[in-house]
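Participant: Straight out of TrEMBL:
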BINDING   Gly94, Thr95, Phe121, Asp206, Glu207, Val208, Gln209, Thr264  pyridoxal 5'-phosphate binding site
BINDING   Arg124, Ser263  N(2)-acetyl-L-ornithine binding site
MOD_RES   Lys235  N6-(pyridoxal phosphate)lysine
Amino acid sequence: MKHVFPTYTRIPIDLVQGKGTVVTAETGQEYLDFTSGIAVCNLGHCPENITNAIQNQLSRIWHTSNLYESALQDHVAELIVGAEDRLVFFCNSGTEANEAALKLARKHTGKEKIITFEKSFHGRTFGSMSATAQAKIHQGFGGLVPGFTYVPFNDIAAFRTAIDENTAAVMLEIIQGEGGVIPANAAWLLEVQQLCRKAGALLIIDEVQTGLGRTGSIYSYQHIGLDPDIFTLAKGLGNGLPIGAMVGKSELSSAFGPGSHGSTFGGNKIALAAAKEVLETIKQPAFLEEVQAKADYFRDILETKCAHLPNVTSIRGEGFLIGIEVGCRADLLVSDLMKQGLLILTAGPNVLRILPPLTVSYAEMNEAADILKTVLENQLIGSEMG
Ligand SMILES: Cc1ncc(COP(=O)(O)O)c(C=O)c1O
């Protein structure tokens, strides 16, 4: 690509069509997409109900300013919050949702200090990049937003030392996705929440990658029984159309009054038409039951076929957010898997990250597990870490 900033290391295929789990490159080559566009196309590529909803909205009106009422925004917000006493701010991406969360937390508490965790990933704008505790993401960009403190993940002693009455908020992922598919410990999370309450700090959960059915429940904090003050969504919310949401308890509303924050495109009607369909689909109890059953099945076959292989150090994650830690370069494995017709991701140098659409079929899971087994068995020579 000659005319685009080289901010990504791009894999040399151009995907021009997709249906369900299958994507087709411009060469005509088909692949099983176990990336879902990085946890975005959770209901597969071009699902009929979402395509129809978008087309229907396209023929009516595309965009109206946030200076006007929007029944569609209110309806989608209601689908997001369910029976809980929460409010939604719509934006266009995960980084923007997190930016809104950080701003709301500071404004509501009147405090500045924000605690985040090593290996976290929260986005690329100055605020969300400053929240991201990874030196490689900060490199070269000069001074970060002041007030962030980074603490080791899953370490309660370190957290206890860090949190104090000056802390505005604590932001975390239930499973660190980009950081290597690292699940938070449930007991640690509950204690973090308790210490937040004691210190008068808000608990912000970044559900951008884990949310919307990806880990088997609508939001992954529900597995643990947490009650975050704020959580953030993006990725799967529009199944590929750009939309993000920051969801906070209603008691925070006075800090986000008129003029406090905004977005021209946030709550765009086309993106919302998609989000409405996504939410109505995943909120059907039978849908999530099936996701959980399929995810359990996939985990079992991965354990059976791959866990014993010499290259495999561990298999971890929850639902359809799965990491396989390997003793060799994960990027080389990804390239070999692609040659066999399977697209998956990495999360750091030695973790394969597997994110199939939640609508994946049993036959597709079997096929993917067989390809993974074959490639993991054969990728020993020439791919050692180094
Ligand atoms: C947990 C988490 N938060 C935030 C982001 C940033 O989202 P976006 O790329 O939509 O800005 C990501 C993206 O990978 C993410 O995984």
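Note: Cβ is positioned from N, Cα and C throughout, glycine not excepted.
Could you place these features in context, so I can see how deep they sit and what lies close by?
Facilitator: There are 29 other CB atoms within 10 A of the CB of Glu207 (pyridoxal 5'-phosphate binding site), with all protein chains counted.
Secondary structure at Ser263 (N(2)-acetyl-L-ornithine binding site), as computed by DSSP, is coil. Counting Cβ atoms from all protein chains shown, Ser263 (N(2)-acetyl-L-ornithine binding site) has 17 others lying within 10 Å of its own Cβ.
Of all Cβ atoms in the shown protein chains, 29 besides its own fall within 10 Å of the Cβ of Lys235 (N6-(pyridoxal phosphate)lysine).
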Participant: For Asp206 (pyridoxal 5'-phosphate binding site), name the DSSP secondary structure in the helix/strand/coil scheme.
Facilitator: strand
Participant: Pick the one among the binding-site residues Thr95, Gln209, Thr264 whose Cβ has the fewest other Cβ atoms within 10 Å in this structure.
Facilitator: Thr264
Participant: Between the Cα atoms of Lys235 (N6-(pyridoxal phosphate)lysine) and Thr95 (pyridoxal 5'-phosphate binding site), what distance do you get, rounded to the nearest Å?
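Facilitator: On Cα coordinates alone, these residues lie 10 Å apart.
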Participant: Do any of the binding-site residues Gly94, Asp206, Val208, Ser263 touch ligand 1, in the sense that the CB is under 6 Å from one of its atoms?
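Facilitator: Passing the 6 Å Cβ check against ligand 1: Gly94, Asp206, Val208.
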